[in-house]
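Only one structure is covered here, and it is reproduced in the block below.
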Amino acid sequence: MPFVSSFTVPLSSRPLLRLQEIRAIEAVEVPLADPPLMERAGAAIARAVIAHVPPGGLVCVLCGPGNNGGDGFVAARRLLALGRRAVVIGRFDGGGSGGEAAAAREAFVASGGVMLAGPDALETPPAAIVDALFGIGLARPIGEPHASWIEWGLAQTAFKLAVDVPSGLDADTGRCTGPCFTADLTSTFLADKPGLHTLDGPDRAGKVVVDSLGIDPRRHDLGLGRLLGLDAFADHLQPRRKNTHKGSFGHVLVVGGAPRMSGAAFLAGHAALATGAGKVTLCALDPNILSFSPVHPELMVGNAIPERGVDVLVVGPGLGASDPARALLARLLPSPLPLVLDADGLNRLAVDAELQESLRSRPIPAILTPHPMEAARLLGTEVAAVQNDRIAAAQELARRYRAHVVLKGCGSIVADPDGTWAINPTGNPGMASAGMGDVLSGLLGSLLAQGWPVPLAARFGTFLHGAAADRLVAEGIGPIGLRASETVAAARQLVNEWSERNRKAL
Ligand SMILES: NC(=O)C1=CN([C@@H]2O[C@H](COP(=O)(O)OP(=O)(O)OC[C@H]3O[C@@H](n4cnc5c(N)ncnc54)[C@H](O)[C@@H]3O)[C@@H](O)[C@H]2O)[C@@H](O)CC1
Ligand SMILES: [K+]
């Protein structure tokens, strides 16, 4: 049977609001909203359940002590009113946010709703489980009885829907602080939240649907963060004019390739060629490097830095930690050319104040592409501290080094020196393999050579690389065993497809 591709790419970018920004919207809108926001949130949950669960199936709503639980009570009440079977599992000891949530509970009970003290009391297995235990108010790891309810829920085959945020997931950082729900669908309110898209978020949230609850987001400060979508790149993803020559698309110089590590530099060079750089030269530290790439003889390979004609520098793939490597960094960092700095280039930078100063003083801020370990070295901290708040870590790196930063990992973060940031939604676990970072460096260099503005190149290179890996997985290539070199050809296909699509839209 032919393999049917299910590749889709996120089309629209959207704001990601951090906790304080969501709370600021709530503070303005809750007193004004009629009908109340909780009523609207509960109605949205009921609609989502109805869209996914056939009539007759039992809907089990797990309700916590705060307003997230309040949303759950409204949803359960509305489902009953629509003739659906719904019960709530919840226990209340007088604590919790009170007010609106308590009123929602009372309204549910007054409408004939049944509250059970735990899942053992259920008579039939549920067709759907709605997780309304904790939302953005999660303040500590989840304990009993809620932890056992989550464990029970995860063992069920039912459709699983999370209200606002999967309980146990930090909406701001994507960190699971203990037991955590895992949803098929998360219906999130007012605006999207970064924690749903980075670190553990993508594993826990399933598909994320944003419901603004009827609030016009333009009335509010939408913050500095965005979730990337293809629309953000439309202006630059254009088909080429016919009247062009190779000089129109720039000359990338890849610097790295120490003995036994030349593959990294070749990967970066191949990626740059395949995505449209006019010319690519590889300057390798390995004196015995092949004088040309048998795979791509178009690459110019040598041990010297060309005197002139280079437009963009990609420094780091396979560079190593030798003294000559350090000397190359010291020579190239002050260059006025756009620069991508990766891998060994970053590790050396982390321990060398002089190099750091020349990076900060560049006329055009560089793009740095650390993985969490490299980011930790650059910040003088532990990996766990970076992962505890990936956005803050990327912002701090961007500020401290006056550079655009791609903090790699699940939900890569792109941060700029001015504090703006984005999360990349593309990519998959197949990318956790050797050489992927080298390909990303090459893609970034290629975009810079073709004139993309630096912040946009950082975003699009990251988006494109992840989408290339996603396309391959949709075709049955990976995620297990996906090789970095395979993403190069897929990236080439995508840039051509996307550019051509934009021509048709003109
Ligand atoms: N404020 C509003 O009017 C709106 C709130 N909404 C919902 O309300 C949620 C936020 O409500 P809350 O601020 O009440 O927060 P939550 O309902 O997320 O949880 C807060 C409550 O849980 C307790 N708590 C926190 N962590 C705990 C833990 N690990 N174990 C036991 N108890 C814990 C807190 O003391 C507090 O009582 C949102 O996620 C959203 O679902 C929506 O209805 C939209 C409007
Ligand atoms: K929840």
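Backbone N, Cα and C atoms are what each Cβ position is placed from, and that goes for glycine too.
Bear in mind that TrEMBL entries carry predicted annotations, made automatically and left uncurated.
Some features that TrEMBL has for this protein:
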DOMAIN    17-221  domain 'YjeF N-terminal'
BINDING   67-71, 135-141, Asp164, Ala264, Gly318, His371, Asp438  (6S)-NADPHX binding site
BINDING   Asn68, Asp131, Ser167  K(+) binding site
DOMAIN    229-498  domain 'YjeF C-terminal'
BINDING   Lys408, Gly409, Cys410, Gly411, Ser412, Gly437  AMP binding site
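Annotated features taken from TrEMBL, shown on the structure.
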{"residue": "Asn67", "record": "(6S)-NADPHX binding site", "DSSP class": "helix"}
{"residue": "Asp131", "record": "K(+) binding site", "DSSP class": "strand"}
{"residue": "Ile136", "record": "(6S)-NADPHX binding site", "DSSP class": "coil"}
{"residue": "Asp164", "record": "(6S)-NADPHX binding site", "DSSP class": "coil"}
{"residue": "His371", "record": "(6S)-NADPHX binding site", "DSSP class": "coil"}
{"residue": "Gly409", "record": "AMP binding site", "DSSP class": "coil"}
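By the rule that a residue counts when its Cβ sits under 6 Å from some atom of ligand 1, the binding-site residues Asn67, His371, Lys408 yield Asn67. The CA atom of Gly437 (AMP binding site) is located 34 Å away from the CA atom of Ile136 ((6S)-NADPHX binding site).
Separation of the C-alpha atoms of Gly70 ((6S)-NADPHX binding site) and Ser412 (AMP binding site): 33 Å, rounded to the nearest whole number.
Taking each Cβ in turn and tallying the other Cβ atoms within 10 Å, the top scorer among the binding-site residues Asp131, Asp164 is Asp131. In sequence order, Leu62, Gly64, Gly69, Gly72, Ala132, Leu133, Phe134, Gly135, Ala162, Val163, Asp164, Val165, Pro166, Gly168, Phe181 are the same-chain residues whose CB sits within 8 A of the CB centroid of Asn68, Asp131, Ser167, the residues recorded for K(+) being left out.
His371 ((6S)-NADPHX binding site) is 28 Å away from Ser167 (K(+) binding site) when you measure Cα to Cα. Nothing from the binding-site residues Asn67, Asn68, Asp131, Ile136, Ala139 places its Cα within 10 Å of the Cα belonging to Gly409 (AMP binding site). Here the binding-site residues are His371, Lys408, and the one ringed by the most other CB atoms within 10 angstroms is Lys408. In this structure, the binding-site residues Gly70, Gly409, Gly411, Gly437 were compared by how many other Cβ atoms lie within 10 Å of their Cβ, and the smallest count belongs to Gly409. Closest by Cα distance to His371 ((6S)-NADPHX binding site), from the binding-site residues Asn68, Asp131, Lys408, Gly411, Ser412, is Lys408. Across the fold, the C-alpha of Ser412 (AMP binding site) and the C-alpha of Asn68 (K(+) binding site) stand 28 Å from each other. Confidence across the domain 'YjeF N-terminal' (17-221), taken as the mean pLDDT and rounded to a whole number, stands at 95.
Annotated pair Ala139 ((6S)-NADPHX binding site) and Asn68 (K(+) binding site), C-alpha to C-alpha distance, rounded: 13 Å.
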